[in-house]
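First the structure, in the form of structure tokens, and then the observations on it.
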Amino acid sequence: MKVLWAALLVTFLAGCQAKVEQPVEPETEPELRQQAEGQSGQPWELALGRFWDYLRWVQTLSEQVQEELLSPQVTQELTTLMDETMKELKAYKSELEEQLSPVAEETRARLSKELQAAQARLGADMEDVRSRLVQYRSEVQAMLGQSTEELRARLASHLRKLRKRLLRDADDLQKRLAVYQAGAREGAERGVSAIRERLGPLVEQGRVRAATVGSLASQPLQERAQALGERLRARMEEMGSRTRDRLDEVKEQVAEVRAKLEEQAQQISLQAEAFQARLKSWFEPLVEDMQRQWAGLVEKVQAAVGASTAPVPIDNH
């Protein structure tokens, strides 16, 4: 860091002699930078501030910066600062996730998804900064001995745009983390409230029991015996009431069973009568026919017997 601050100081003193014209910063960037470098001083915000300071130094495109851009030193420094920022951000996110345990699973998943998206955007834009510098180094080396004013102007424009994107990413990430932290605080308060609701009745019961034991200890033996007798009597009455209720339930069930049996018996009787009527309708014609045949047979037999018993006439000569 001492080397970094020394480089910044040298850049500031030599700014007037730089070959490249310094880019004009928008008026709103100081406020955004203040937000990006962290109002609460979280480790990830401090790490992002170090990345930010290094980017501002690179953005000056002073002679020293141009010399170092021809070597991989700048990109290595940016890589280190990027890794440090993302590491601190992941650690802070893990800490908030532990505090979010009492929150509903759906809410926790939604907040985690939004935070991961904001974190990914910040990482992608930081990676874009490094890629632009690598591309610039390659183009400068390819144009060795030629004018690189156009390349430097293009790089300065790209860095300004990327800087604005990084500011927006940092601001969005701070807002997401604030929502995440608020959810963790709300979940913790809800968990404490739930514990208080569970323990409240138990504490009240303990207090009542303690008061009862204290009052019983101060009463004479006769009063305690009388109170015990009343409690036993109340208990017996309660048991008797429960028994009567149970008997009433059994009676109702027996009555229901009896009604069902009577209904089934009536149905069986009706079915038997219907079956009897059906049998009668089947066999009645047959019986009548047999009776007719029998009557005819009897008449024939009687006629035959009458004919055989008639007197034979005697011939007198």
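Heads up, the Cβ atoms here are built off N, Cα and C, so glycines get one too.
The signal peptide feature in Swiss-Prot is assigned to 1-18.
Swiss-Prot lists 80-255 with the feature region '8 X 22 AA approximate tandem repeats'.
Per Swiss-Prot, the feature repeat '1' maps to 80-101. Mean pLDDT for the repeat '1' (80-101) in the predicted structure: 81.
The annotation repeat '2' is assigned in Swiss-Prot to 102-123.
Annotation comment: Swiss-Prot describes MET143 as methionine sulfoxide. Secondary structure at MET143 (methionine sulfoxide), as computed by DSSP, is coil. Sequence-distant neighbours of MET143 (methionine sulfoxide) (same chain, 6+ residues apart, CB-CB distance under 8 A): LEU151.
Residues or ranges marked as region 'LDL and other lipoprotein receptors binding' in Swiss-Prot (evidence: similarity to another entry): 158-168.
According to Swiss-Prot, the feature repeat '5' maps to 168-189.
The region 'Lipid-binding and lipoprotein association' annotation in Swiss-Prot covers 210-290. Per-class residue totals from DSSP over the region 'Lipid-binding and lipoprotein association' (210-290), listed helix then strand then coil: 79 helix, 0 strand, 2 coil.
Taken from Swiss-Prot, the feature repeat '7' applies to 212-233.
According to Swiss-Prot, the repeat '8' annotation covers 234-255.
Residues or ranges marked as region 'Homooligomerization' in Swiss-Prot (evidence: similarity to another entry): 266-317.
According to Swiss-Prot, the region 'Specificity for association with VLDL' annotation covers 278-290.
Residue counts for the repeat '2' (102-123) under DSSP (helix as H, G, I; strand as E, B; rest coil) come to 19 helix, 0 strand, 3 coil. Mapped onto DSSP helix, strand and coil, the repeat '1' (80-101) counts 20 helix, 0 strand, 2 coil.
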